[in-house]
Structure formats: C-alpha cells, structure tokens
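Annotation comment: TrEMBL describes 69-135 as DNA-binding region. The domain 'HMG box' feature in TrEMBL is assigned to 69-135. What TrEMBL lists as region 'Disordered' is 50-74, 105-136.
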Amino acid sequence: LPKSVFSPAASRSHLSIPATCRRASSVRTDCRVGSCWVVLNRVVTMVKKAGTSAGGSKSNGGGGVKKDPKNPKNAYFHYAASRREELKEMGIKASLINKKMGKEWREMEDEDKKPYIDMAKEDQQRYEREVEASDD
C-alpha cells in the first residue's frame, strides 16, 4: 500500500494501520525498528482477543466463538507453579528460577514427585470431561 493511505490518527506509538484496510483479514503495517520491517496481522489479533464472530458474542451464546477447554498441565508444571513464588521471595533472579526448578525436578525422588503426578492425572481427567462436554 502507498504510504498516503496510512492514518496518523490510528497510530499509538510508531505503528499505524492503513485506513483503507481496517476490515481486512490481515493488515500489513510497517514499522521501522533499526533496519527491520515488521509485518503485523493486527486485525486477526484483535478478533482473536475479542473472542467473537459476526454471528454474536461469547456471553449470550449467539453464534460466538466457542473456546476449547484449557489443556492439562503435566506434573512438572504443577510443581513449578507451586515452587515459583517461593523462589521469587528468596530474591532469585527471574532468569535463574526456571533453571533452578528444572534441576530440582530432575534430582527429585519419585516419592517426592507423586503429589504433582496425582495433580496432573486429576487435571487430565478434568480436561477429558470438558472436551466431552464441549462436543455435545
């Protein structure tokens, strides 16, 4: 698109949306970051965030986009969720938290992992129930 169709009013920072393409399925927007040109699918992202389709909204069930059930967590992710806050409070840098948790998990005995494995099994059962219910 020629630069003349870019609308400065639509710009929040250094990005702008072509005024003639606001209803297109995707918009090519260029943004100079050093020598790099970035292509964004801005309209698609906005539709995904809204979670609706032309038929209606999510809240009233009038043809809106139906969300899939949330995927189940594995045992490690249950462990990580419970341990992460403790490590943050200890003052460990965010970049080192995942490394530390991974090392702890690998060194854990199976007996210590059992509660997290049980949580993962329960989460898998929840997921399967929700998938079955959403198929109806």
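From the backbone N, Cα and C atoms, a Cβ is placed for every residue, glycine too.
Caution: TrEMBL annotation is automatic and unverified by curators.
Tertiary neighbourhood of the region 'Disordered' (105-136): same-chain residues 66, 68-80, 82, selected by CB-CB distance under 8 Å and a gap of 6+ residues from either end. Over the domain 'HMG box' (69-135), the average per-residue pLDDT in this prediction is 94.
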